[in-house]
Amino acid sequence: MLMKHVIMNSQLPFLCCANNCMLLASSPLFRRQRFLIRSFGGSIDHCRNSGSGKMQSGQVLFDAEDIVRAITPALDQSRHKGQAGNIAVIGGCREYTGAPYFAAISALKIGADLSHVFCTKDASPVIKSYSPELIVHPVLEESYNVRDEDKKIITSKVLAEVDKWLERFDCLVIGPGLGRDPFLLDCVSEIIRHARQSNIPIVVDGDGLFLVTNHLELVRGYDLAVLTPNVNEYKRLVQKVLNSEVNDKDATQQVLFLAKQIGGVTILKKGKSDIISDGDTVKSVSIYGSPRRCGGQGDILSGSVAVFLSWARQYIEASGQDSILSCKNPAVLGSIGGSAIMRKAASIAFSNKKRSTVTSDIIESLGKSLEDICPAGSSCL
């Protein structure tokens, strides 16, 4: 039975099955599709079969899994705590406690060794009650709790608390559950500046995107920054930076131009296909996925990208010129890896729970998603 797939940036249908893969591979249509895809900087593989000799359900031809295999660190007895990733989420306030938890626990479920949450004092006991696995720092403050004359002193105290830990982190996730309190956003702006000074990667999502859209100087020109906008966040970003409306007909080129205009940050535009660009290249991840759009999936993605970004950076630094990957930007590689694993986890969760799928089901599927691609007991390459 033929299976229909959407492949890469060409957005063309491709029909493939185990028995007629070679026939299609030699067809003019297939060769034309390969040409179009490579013209956009992408790549595709030939049909891959499972051990049973049948095409795996939901499989799409793209090299995202190869990237995951390449950058995922091996598990061995010689490693110590922290080497597989130390991630921090900056977010969590009175109204929103689930989002920072989802981002932070997702990082652990994928394979980071340590995961922190820097949140407001009101949010701290709630987030701590969700899981003892997270290290929660109740250091952020909102305006209602700070007098005007004390704001400068409180800001200094907040930064001092974060700075004590900052050099230990491999990546920061800015924004899940952050809210839009003006004083809180001012403090987070300073945290972003300190992270840049320390050359620490940042993944910006949720209300963090609201902050940087209004203050582009926070991320402009920082090639270790990843922005992960949804449909509405992307629209605001395009209007602010390009002074235009979203162009769905030429989405890949618009994302590329937008990233270039912000100085080479990496943008991961979420959608039916996740489009990723750093202003130089454009990649698209359309493997797996789920029709269930429960809230919280963006938080899982931000935590996932943070882990894979830190792993990609380690991989590039260790492999140097011997890297088997043509792309050398850890932000792009991390975005591809995080997107692929998140989409695969969503697919697994939906296959089990269908309409009742919720965010926690997807989180519980993250481990299996990575294990299917890169088994822990063997070399992934």
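Just so you know, glycine gets a Cβ as well, placed from its N, Cα and C.
What TrEMBL annotates here:
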{"type": "DOMAIN", "residues": "64-373", "note": "domain 'YjeF C-terminal'"}
{"type": "BINDING", "residues": "GLY177, ASN230, VAL231, ASN232, GLU233, TYR234, LYS235, ARG236, ASP299", "note": "(6S)-NADPHX binding site"}
{"type": "BINDING", "residues": "270-274, 289-298", "note": "ATP binding site"}
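Distribution of TrEMBL features across the structure.
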residue	record	Cβ neighbours (10 Å)
GLY177	(6S)-NADPHX binding site	28
GLU233	(6S)-NADPHX binding site	23
LYS235	(6S)-NADPHX binding site	13
LYS272	ATP binding site	10
ASP274	ATP binding site	24
SER290	ATP binding site	22
ARG292	ATP binding site	19
CYS294	ATP binding site	17
GLY298	ATP binding site	23
ASP299	(6S)-NADPHX binding site	30
Integer Å distance between the CA atoms belonging to GLY296 (ATP binding site) and GLY177 ((6S)-NADPHX binding site): 10
Fewest-neighbour residue among binding-site residues, criterion Cβ within 10 Å, set VAL231, LYS270, GLY296: VAL231
Spatially closest candidate among VAL231, GLU233, LYS235, ASP299, the listed binding-site residues, to LYS270 (ATP binding site) (Cα to Cα): VAL231
Rounded mean pLDDT for the residues that make up the domain 'YjeF C-terminal' (64-373): 96
Pairwise Cα distance maximum in Å, (6S)-NADPHX-binding residues per record: GLY177, ASN230, VAL231, ASN232, GLU233, TYR234, LYS235, ARG236, ASP299: 20
Distance, LYS235 ((6S)-NADPHX binding site) to GLY296 (ATP binding site) (CA atoms, angstrom): 20
Distance from LYS235 ((6S)-NADPHX binding site) back to SER290 (ATP binding site), taken between C-alpha atoms, in Å: 23
Length of the line joining the Cα atoms of GLY298 (ATP binding site) and VAL231 ((6S)-NADPHX binding site), in Å: 11
Alpha-carbon distance [GLU233 ((6S)-NADPHX binding site); CYS294 (ATP binding site)] in Å: 17
